[in-house]
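Below: one structure, written as structure tokens.
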Amino acid sequence: MSENNKRTEIGDLGEFGLIDRLTKDVKIKHKTTAKGVGDDAAVFDYGGDEYTVLSTDILLEGIHFDLSFMPLQHLGYKAIAVNVSDIAAMNAIPEQVTVSIAVTNRFSVEAIEMIYEGINAACENYNVDLVGGDTTSSRQGLCISVTAVGRVKKDKISYRSGAKKGDILCVTGDLGGAYMGLQVLLREKTVFEANPKMQPNLDNYQYVAGRQLRPEARTDVIHELDELGVVPTSMIDVSDGVASEVLHICKASNVGAVVYEDKLPIDQDTFDVAHEFKIASKTPALNGGEDYELLFTIKQEDFSKLEKNANVFFIGYIDEAENGARLFTEGEQTLPLTAQGWKHF
Ligand code: ADP
Ligand code: MG
């Protein structure tokens, strides 16, 4: 605390301002630390032609998940998937994870085993080894923290900072579904709380609920890019909404960008649910978050290799820094691209 006991509210800084402030005095001591704070994963150079990458995330009950609608198996699966996603965002292949949990005595052993069913399924699916972790008690709420480690050839790593003017902005799948799924689940919860006899009916919402409850990391696209000989010039995973991620790439790469609203991939189901909730489907697509697709940039000369790829959508291009990040709307307006603040504080 400073001398005049000034109190700064966390909300005034936001998540990224807080991280910047907490880490501003960090000095890297080891030559093996090739990249510290500031990307989807830290990067280590132990010699040879590969880097090791490492990423960690916390999932906290009441903040990141609500057990009234999050099945325990899905929770375990998601905890692994979101970390694997950060490894993929470096263009790396994950190999190991550790899992740390804090549980209250509200959970039975069988309940915790259900979380591990999901964890094991994800480890199987993403071909990663669970190699350790920590287990402790919690007074209130369930907490799961996962750390993932992966590897990538040095000449194939993709940082957030490599985008260049003229590069094409790509995204690996449809956006906004996870957010609309959350809205549906929250609505059904309210209905259930008001009248416990009403059973949630998710029949018409399978796709968006699935996007929220059981996201997949796009390691499939990482393998595909490798086979096609495409190395993204920059990459980030879409955890906070594509607008926020484009801004991260712009900041780290010191570039501007143009995003075409009408090019944002939106699934028909997401579109329909957004319509039902009376919100424009572009809003969750831009700012929804938790889609865990990959946002990346490619050189123009690589366009032909991905042009017909069903997993890649072209949403804009990288521009000069002076022009900032802009959204070309369907109404042919040009607006500054903005990201909503952090939801958790
Ligand atoms: P992501 O969404 O990809 O997981 P974050 O937005 O959580 O990334 O974090 C951005 C960067 O800040 C990452 O490099 C992360 O390792 C780092 N970071 C986040 N929180 C802290 C912290 N409390 N102390 C140090 N570094 C942090
Ligand atoms: Mg990330």
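One-based numbering along the chain as shown.
Just so it is clear, glycine is given a Cβ too, placed from its N, Cα and C backbone atoms.
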Among Asp20, Asp25, Asp39, Asp40 - the residue TrEMBL places in the same Mg(2+) 4 site as Ser55, Asp86: Asp40
PLDDT averaged over the residues of the domain 'PurM-like N-terminal' (38-152): 97
Binding-site residues near ligand 2 among Thr56, Asp57, His64, Asp240 (Cβ under 6 Å): none
In sequence order, those binding-site residues of Thr56, Asp86, Tyr116, Ser239 whose CB lies under 6 Å from ligand 1: Asp86, Ser239
DSSP state at Asp240 (Mg(2+) 5 binding site), helix/strand/coil: coil
Asp240 (Mg(2+) 5 binding site): nearby binding-site residues from Ser55, Asp57, Tyr116, Gly133, Glu290, Cα cut-off 10 Å: Glu290
